[in-house]
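Only one structure is covered here, and it is reproduced in the block below.
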Amino acid sequence: MTKEQLKFLLKKYKIFPRKEQGQNFLLDDQIIKDIIAVSNLSKDDTILEIGPGFGVLTLALAQKTKKVLAIEQDRNIYPAMLALSRQQKNIFPFNQSIQKFNLESADFKNQQYKLIANLPYSITSWVLQHFLEHHPQPGVMVIMVQKEVAERVIAVKGAMSILSCAVNLYADAEIMRLVAAECFYPAPKVMSAILKLTVRPQPKVKDPEKLMQIIKIGFSAKRKQLHHNLSAFFHFSPSKAKNILEKSQLGLNVRAQELSVEDWIRLQKNLV
């Protein structure tokens, strides 16, 4: 889609792109091809697409898969998705927020699906955690996010966060490519990235929620050394907290961002 075609559609449907909703419409055909390529699509795939906009990516997805459920919350854009679904019969549009969408009611309960989205910053963390932590989970997630967010997700020891730990518990994540601001209209102020998450059949631990509770305690004051946070929450003496760190093969002065998920798993075992 050219910028002129997009502007025509915006005018036709009386849409004024809203920054707070992250309405930056993808224009670059090569980026669409790259998203299709890294998604490893087949004719048997079911796709959940968040924020389809005018359906440029949606149509490309539908032509290569069994069906696409397109979740568009903007009521002004939704008629454009309805029109597209009349032309391409395996596109099923829904006019609602993804945060209110019921996967089970859409017959996702017993089938594998892939999630593909161009996400606004405001809901990126919610989407990642919600779809990784709740069933039914997608097998693959390919999402367009801010470059800074993508870098946080794939962070390694020394720069870990609650978000990167949460993602790593459930999936392997990698940045597939960076996307320049000029590939969108209106152009955002920051660079974006295509992030691919391959979801594991099972998370790294049996009870990921309990592990995440401990991780959140560790990050409660991330500038502090970890033994301070453990002592404050569990009412440990400083010596006991340091002893637990030693048993977990961790340095006495370590901070939360320096721990991998595997480090947190060892620490949890010694906290019991």
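Every residue gets a Cβ built from N, Cα and C, even glycine.
Among the candidates Glu72, Glu148, Glu151, Glu174, the residue that TrEMBL names alongside Asn24, Leu26, Gly51, Asn118 for the S-adenosyl-L-methionine site is Glu72. The Cβ centroid of Asn24, Leu26, Gly51, Glu72, Asn118 marks the S-adenosyl-L-methionine site; residues of that chain outside this set whose Cβ lies within 8 Å of it are Gly22, Gln23, Phe25, Pro52, Gly53, Leu57, Ala117, Leu119, Pro120, Met144, given in sequence order. Long-range Cβ contacts of Leu26 (S-adenosyl-L-methionine binding site) within its own chain (separation 6+, distance under 8 Å): Ile32, Gly53, Val56, Leu57, Asn118, Met144, Cys183, Phe184. Comment: S-adenosyl-L-methionine site residues Asn24, Leu26, Gly51, Glu72, Asn118; largest CA to CA distance 15 Å, whole number. According to DSSP, Asn24 (S-adenosyl-L-methionine binding site) is assigned to coil rather than to any helix or strand. Cβ contacts within 10 Å of Asn24 (S-adenosyl-L-methionine binding site), excluding its own Cβ and spanning all protein chains shown: 22.
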